[in-house]
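Engineer: Have a look at this one.
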Amino acid sequence: MSGRQRTLFQTWGPSLVRGSGDSGCGQPRSPAMAEALPEEDDEVLLVAAYEAERQLDPGDGGFCAAAGALWIYPTNCPVRDYQLDISRSALFCNTLVCLPTGLGKTFIAAVVMYNFYRWFPSGKVVFMAPTKPLVTQQMEACFHVMGIPQSHMAEMTGSTQAVNRKEIWSSRRVLFLTPQVMVNDLTRGAVPATHVKCLVVDEAHKALGNYAYCQVVRELVKYTTHFRILALSATPGSDIKAVQQVITNLLIGKIELRSEESPDILPYSHERRVEKLVVPLGEELGAIQKTYIQILETFASSLIHRNVLMKRDIPNLTKYQIILARDQFRKNPSPNIVGIQQGIIEGEFALCISLYHGYELLQQMGMRSLYFFLSGIMDGTKGMTRARNELSRNEDFMKLYTHLQSAFAPASTSDASAFQRGNKEKKFVYSHPKLKKLEEVILEHFKSWNAKATTEKKCHESRVMIFSSFRDSVEEIAEMLLQHRPVIRVMTFVGHASGKNTKGFTQKEQLQVVRQFRDGGYNTLVSTCVGEEGLDIGEVDLIICFDAQKSPIRLIQRMGRTGRKRQGRIVVILAEGREERTYNQSQSNKKNIYKAISGNRQVLRLYQGSPRMVPDKINPELHKMYITHGVYEPEKARSVQRRPFSSRGGIKASKSNKDGLLSEEEFNLWSRLYRLGDSDQVKGVALPQSHFPSLQEDRVIQDPTTRIHQLSLSEWSLWQDRPLPTHQVDHSDRCHHFISIMKMIEGMRHEEGECSYELKIRPFLQMEDVCSKYHAPRNGYNNVASVASSAHQKSSFRPSVDAGGSLTVIESEEEHADTVKQRDSKWTKITSLREKPCRAGRKGQTCEHSEGEGEDGDAGSSDADGQSPAEADSQVDPPSGERMADVGGISILGAVTEEDNHPGTLQMECQVTNKSCARYSLDSGYSSFSDEKSVSSNLFLPLEEELFTDRAAEQFYNCRPMTEDVLANVERFLSRSPPSLSGLSDLVYDVTQGCEFDNASCSPYPEHEHSPRPVSPASHSAGNSQQNLESNSAKRISHPTEKYCLPGTTHNKVSDRPSFCESDSEGHNIKYQNSGSNSCAQIQADLENNFVDKNSHDDSEPPVLFTDEDESLLLFEDDFKNIEDGPEELNGASLPPFNSISQPLRVSGKTLTSEMPPVSHFLISDELLLDDDSEPEDQIVCGAKSWKCQEGVEDGQEELRTDGQTFDCSVDLFSVTFDLGFRCSSGSDDEMLAGASDRTRTLGAADVSGRHSDKEIKDAGGASGPLGRAISPIPTETAQWSPWAQNKEYASFHVASSSPVKQRVRSTPLSKSHASSKTGAHMLKTLDSTKEKAGGQGFKMALNPRLGHLGFSVEETKSSDQVFVHQSPRRTEVEHLTSESEDDVFLRKTKKPKRNVLKSPEDQKNNEVDSPIHAVKKPRVLRSELASSDDESENFGRTCPRLEHFKGRNRNIRKGSAAQKNRSQVKTMARRFLDDEAEVSGEDVDCVSADEEDESENEQDSSLLDFVNDRTQLSQAINDSEMRAIYMKSVRSPLMSTKYRMVREKRPNMNIFSQIPEQDENYLEDSFCVDEEESCKSQSSEEEISVDFNLTKDSFTDEDIRYKTRYAVKIKQMNKKQNYTRPRKKLSRIILPDDDSSEEENIPKDREHSVAGGHAAAEHTQQGQLWASGPSGSSVPPQVLSDPSWNQSSRQRLQVQPSITDAVPRTLNVKAQSHNKIKSASPPCTGVESRKEYGNHPVQLKADSQEHSDTSAAPCSTSLLHVAEGHTAPRHLQEGNRACILVDSREITTGLEVISSLRTVHGLQVEICPLNGCDYIVSSRMVVVRRSQSEMLSNTSKNKFIEQMQRLQSMFQRICVIVEKDREKAGDTSKKFRRTKCYDSLLTALVGAGIRILFSSGQEETADLLKELSLVEQRKNAGIHIPAVLNTSKLEALPFYLSIPGISYITALNMCHQFSSVKKMANSSPEEISTCAQVNHQKAEEIYKYIHYIFDMQMLPNDLNQERQKPDTCLTLGVAMKELS
């Protein structure tokens, strides 16, 4: 052989010899030869490398030839021939080993595992056992048998974390685990499947059906077949069929079967005597059986007569036979049985099955078990109502049941503890003769065992096991044996709890019982089938089977518990009859199995493909060797030992030293002086017993003993006031705090007099932090003077938590404490309009309203100064313990105080019924009440005049937790039908972003008391917030004697001051007169007599007027109960509507008259945010027809101009993003700021619209009067008043009734509402100042998107980032009044005709029926600008299309979209189109999706908004067809809403400027040319999904250019090949969500996956048929493939404008579209960009399938996925860039084949992650949800599914639902799929919401669809390219990112990988977030705003168990951090 032919090793080996030979020739090498040497060496290296690779050929699988020459058999255990033979056989073939229990199956497994462990050094050896104890036992056995190092072995069960398991798989070689863990790890990809070389399956007879064993083998085979399987079982199966199934599932190629009779087994098996004892039933049991058979005949005969049950002997029928008959009846129902008869037969079947189960119990277990079963039916615990009713009517049954009840009812109360106590007094009743026989056998056994008093027997106490199938029988046996203690020490052994009423054993308890039984604690164990297999229960001498098992497996398993080490005995106790026959049949089956396996091999088909695993040339030889092993250490012990550091503090765990780390000298000193010895008389230490005064002392008093040293906390106090020396570990901060406290205590101990500590900290005292509470007694004395005596005393706003929701408030001031006197209170009941069940409070508790009777007519009180203090006691806990039953309502108990002619002070006890409000209320007010009588102000209840503190306002900024709860009450209120709309007028929505609050707690601005203009609360420092205002209580109210009459009460006079928390308000005389009924209520406050000095009159508050139902927290009497709407529950108060009859409400110098009840002034107003330093108006008259507002306002107030802004923080704070469910009239406020032409219109008494006569309403004086206060402008930094408030022509109210409740939700309660009783004055949405930090930063206001209903537009300016709400195209006359603040709000009311084409809206007539409020009707006027319509959006699931721009802007504000970009400040509505066109297309490109349409497609379309389409970007770069569609859309008549329904083309991509501008080359495609086929749009349902997307036509020049670069050429070529001329098709506008249809131009010939939505798709019609073809070919005809229209429809995105609104939070209300609309226009569903716009609106699924019945293919839901031709290997796979799909961990159990196919068949990278509701994430923007057809059919899971869709829409741009056909069970006949109404409506709703629907025939096809979706997303550069596995540092940030609302898992992953830290992310701009997180700009702005939202720690709730915020609600970072912690 030449050197060139030798290998490297051959060349190197003999080179020395060869070299010497050659040198002997004496021929020197030539230079050429020398030069060739390097080349020869390279070739040799190549050959050597080839041989090395060949040796590592996968065919050998890493087999080590050196180790493979031998196989080791241990001799440290006795060698048994059968074990040796079976081991040799199992090494070379997949083997099933069947050995009786106790004969060494585990030993054989250990031998085989060890040899494969040697042969394959890099392979894995896996042992699987069904239970954890078996896993542990096998691991220990392998160590003892073969000595496998423990460091190479690992045990993995479900308790092992998945991350740890993946590490174990990579580091360990021999693994012991349960099959479920193996399945999970295979699915996760954690198992190196190709490295598994040996798989051992214990208890292999379980490998049936879809058990985890079968799944493991199926998964492994997908990776490799090169592994050995060893199956172990005592019995291969219950019959031949089961054995064959095991062989097939486990790939068994050989069976090694040994029975107890086998010759090679006999020498090693101990004798097992099997005794069969047959017991007759007996007379008593026989009689009961006879009676029971009669009962069975009664019910079974009915089925027999109907020919649905076979005619057989009734006693011989079995439960199984009846079940089979029922299944047969269901499959083939008789044609004569229809309708209700079928249900009756089903009920009879169920009843017979239950009765026959009881019959079996009677025969096998006895009467007691039967009684327990029947009692479960009769007492209703089993929920079988029909069976109970039927049985109750049967006389024989009731007699039998009564008899059993008398015998066993007392025993039924006995439990296991009673058994263990051995209740011997009670006589045991033997319910079955078998029990007596069992007792005899056991007693005989122990008697005979104890008689053998040999030494050997004494060492081994006998143990007995009793098996019974039912727990009731187990308990009965244990109770019987307890009578024979202590001879029989019995314990039960059952499995886990199987239901609510059963208590089982946990695994820990099971192991404890087994251990005690094995160790001798018990000698008798009564067990269910749990003890049959697996557990090592030690040697058992006697096995008793109390019942027979039909399966021989269970019988053999039971017998295997004995006869292992010594002789065993098995006793089977059988009842005569059926049980005996069952046992005999079982034994026969066992013999047949052994005979079939061992005798006739042809019966079973064995697996022929078992790999040899050993190379052919190698034949391992047996090598017996003695194996030694060390001591086995349990896993837990080793894990503890390996832990180098302790879990706390990182201190190294080390053994403690006796010297305690003391030096020798120190130790000796301690030992000599301090060590306690016996002489010290201290033998132990004890803690002193604690004493709880509230608990009874039941403990036993122990005698004190001197030997016990009682520890004391104060004993070492002298040592605890200084830090002691430390060693290595320093003192903690907690320790230092403790030391300082102890030092302070020690210092204070010796003080006398005034406390030095108090003096020291008094300068730092924050009064709002001081908490106190006061329980005012009923009819008792309130010592207010004593309460108000200390310095700087303010009101406390801390509610008592234990008060059940009631609050106590007393306000007083230091300066006027001398005027406060004790008064006797008489309580008056003023109840809320409607009482409701308490939501968060104590259930079932009611509040008794004390009805006091006022005796005095004079409501005034006078003191020395002629001033009257007002007190408001919101009693926290009434002495009688009453609780309010109505949530959100306030029960106001007015106390008319009488003393010294001062009966005018009204004490209002306002009991907040919302307990959660009281619980969450925070104390941010003053409370210097140091004594226990200190009272807490109710920071919830708008007690108008009683709360005098100027600090009250700021306290409302701390009530966010309470408002959240109350807002939840509002949500409940909304579940009722809405009020009518006819008379309601729009809410003027005031929004500002310019307000700056310097103080989060909203100081009371005392220094501005005399300021000529109002001052922003934020303008005061924290120091100022500590100042006190002059007490209003020093002033007196002059109360004319007025009485009010409430139904059911006597006339009381109530004096009240209409101020809640404004100390600077003037006293107003308010007169309430309820003339709508016979009762009258007059509350008068003196406007002129102020409570403060006259020089502080600038601080006066305007009088209280009353808002409508949306603002006022009013409490009406019973006369208001005719109002249909209950009060809104807001901020703990009740918001009732008003009566239809209104009386004048006068606000003058003396009186303010209203028809409202006396408590109607309990309002939430904007006073919390405002400082009203203006004069009150002299007179404002609210007449029956008009408001009279006389100018009496000082000139100084004319200067006080501010932009009245309202803040809605409900979007940011709360999850209350729902709607009232109706639109409110916008027309009623047409003249809100109109000119004099509208002045003559007056407001009727019943008109709630808020329209006022201009000539009667003069200048409101800077909103100081009720009109101005109604708008309640929020002070901006310029502190100016609203222009409309100063419009002398028209100072109108802002009516809240036109807006949904969600818009009017306040984050804070508002104080003094100023509005007329029927005038719906606008209740401000005040933003908690605590939500905004101090500093010059303005409010980051998040507009509620539902503002769109108001018809306002919002314009933002770059300079000030302010929001303008426009409703009028004309500037008002007061525009010049505004200051430099640009937050001008202009509102103009308009009326729009209703135009809901799908649903008849409520008209004015209907509304009048619904509501007692009758509005003055106005002639309808056509809209001239965007505004909302009352009637338009009656569909709760719609957003108003005319307000889409507003919502878009609103959304941009709310989500932090690009407000900083240059925008034109639009001043008028007339120019909105131009401004918006430039603004949206230019600056908002980043935040508006390319395919987004800012309108709800399912909305009425008659608005003039559609005439001027300003919601598109088409002015920048559009194609012609788009322009045509826009034009056709714009020319629709505003009055004929459906005259033209134009098809909307796909709008340009978001990155429009990166695309080539499109050319206008073809006039035919000009936007002004309408295709002639457009007229046919609505005529052909066949064409509905034939949407022309062929943009490669030459007329589309730019599209042609763009698409030809990718796929267009191929498309054209395909069309040319098939000689197909494409006809002109309708260009239905199917919007691809942020997608480009060019990406899907690739239409393969071989595969088409279609998706059908709606009816056509699901029914597989030809329009939207599901072509579910596998990779082999396409089921679509070639002509269909060549049809461009089909091509286009295949590319459509199933996108319909998502009708995602917030009317009903829990339902997807997708309004069903009309036939014409769906056909004529695929509505521009926007993908997620537009869905994000509605992100916080729950989708409404209210699809009516009947409306869709005529639109078979209507929903345009066909989405056809295309695979490129020849996609055998995807492009990315060829390029090495595999597509990645994230799969939810829950899919491991339900979608195992999907995951496996994705990974093995399609080669995708699959990562298992906890996706929290997302089944599959295929890209950064698309999520796929997999649902089975059965899940879609059922109505039970519909709501859950809807909620899931809602949540996903807030996180993903695209959602796809795969509806998968249910898997058919083996042997079941295929059932015809029957659609249900729920199924159709759900599909329709999904389509309407823009969700793509795909249909799949199975999991394999689902995987194929997922792959195609992933490839499409990959081509769009949206694929997942980041690893799903995070390192430890990044893993810590993941939970925080996931806590951000609306963030998906993939987005969080992107943020983890792209941002090095959370800090970097928090400091990133929205643009950076958008880039790194791969989200659109809007989502990035949302994240940015969430992170940067200013948070006040005082906003944290007391109780963290609040309802979670919805994902789209802007939470604060502090709340997120709190959740993380």
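Note that Cβ sites are derived from N, Cα and C of the backbone, with glycine treated the same way.
Below, the features straight out of Swiss-Prot:
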{"type": "BINDING", "residues": "Leu99, Pro100, Thr101, Gly102, Leu103, Gly104, Lys105, Thr106", "note": "ATP binding site"}
{"type": "COMPBIAS", "residues": "1249-1259", "note": "compositional bias 'Basic and acidic residues'"}
{"type": "COMPBIAS", "residues": "1370-1379", "note": "compositional bias 'Basic and acidic residues'"}
{"type": "COMPBIAS", "residues": "1388-1397", "note": "compositional bias 'Basic residues'"}
{"type": "COMPBIAS", "residues": "1669-1682", "note": "compositional bias 'Low complexity'"}
{"type": "DOMAIN", "residues": "86-254", "note": "domain 'Helicase ATP-binding'"}
{"type": "DOMAIN", "residues": "437-612", "note": "domain 'Helicase C-terminal'"}
{"type": "MOD_RES", "residues": "Ser30", "note": "phosphoserine"}
{"type": "MOD_RES", "residues": "Ser1637", "note": "phosphoserine"}
{"type": "REGION", "residues": "638-657", "note": "region 'Disordered'"}
{"type": "REGION", "residues": "837-886", "note": "region 'Disordered'"}
{"type": "REGION", "residues": "1002-1049", "note": "region 'Disordered'"}
{"type": "REGION", "residues": "1244-1273", "note": "region 'Disordered'"}
{"type": "REGION", "residues": "1296-1319", "note": "region 'Disordered'"}
{"type": "REGION", "residues": "1369-1441", "note": "region 'Disordered'"}
{"type": "REGION", "residues": "1447-1466", "note": "region 'Disordered'"}
{"type": "REGION", "residues": "1615-1700", "note": "region 'Disordered'"}
{"type": "REGION", "residues": "1689-2009", "note": "region 'Interaction with FAAP24'"}
{"type": "REGION", "residues": "1712-1732", "note": "region 'Disordered'"}
{"type": "MOTIF", "residues": "202-205", "note": "motif 'DEAH box'"}
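Burial and contacts for the listed features, if you can.
Structural biologist: Around the Cβ of Thr106 (ATP binding site), 23 further Cβ atoms fall within 10 Å across all displayed protein chains.
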Engineer: What does DSSP give as the helix, strand and coil breakdown of the motif 'DEAH box' (202-205)?
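Structural biologist: The counts are 2 helix, 0 strand, 2 coil.
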Engineer: Once Leu99, Pro100, Thr101, Gly102, Leu103, Gly104, Lys105, Thr106 are set aside, which residues in the chain still have Cβ within 8 Å of the Cβ centroid of the ATP site?
Structural biologist: Ala234, Gly560
Engineer: Quick one: mean pLDDT on the domain 'Helicase C-terminal' (437-612)?
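Structural biologist: It averages 80.
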Engineer: Check each residue in the chain of Lys105 (ATP binding site) that is at least six apart in sequence and keep those whose C-beta is under 8 Å from its C-beta; list them in sequence order.
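Structural biologist: For Lys105 (ATP binding site), the qualifying residues are Val97, Leu99, Asp202, Leu232, Ser233, Ala234.
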Engineer: Could you tell me which three-state DSSP class Pro100 (ATP binding site) falls into?
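Structural biologist: Reduced to three states, the DSSP call for Pro100 (ATP binding site) is coil.
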Engineer: Tally every other Cβ atom lying within 10 Å of the Cβ atom of Pro100 (ATP binding site).
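Structural biologist: Other Cβ atoms within 10 Å of Pro100 (ATP binding site): 23.
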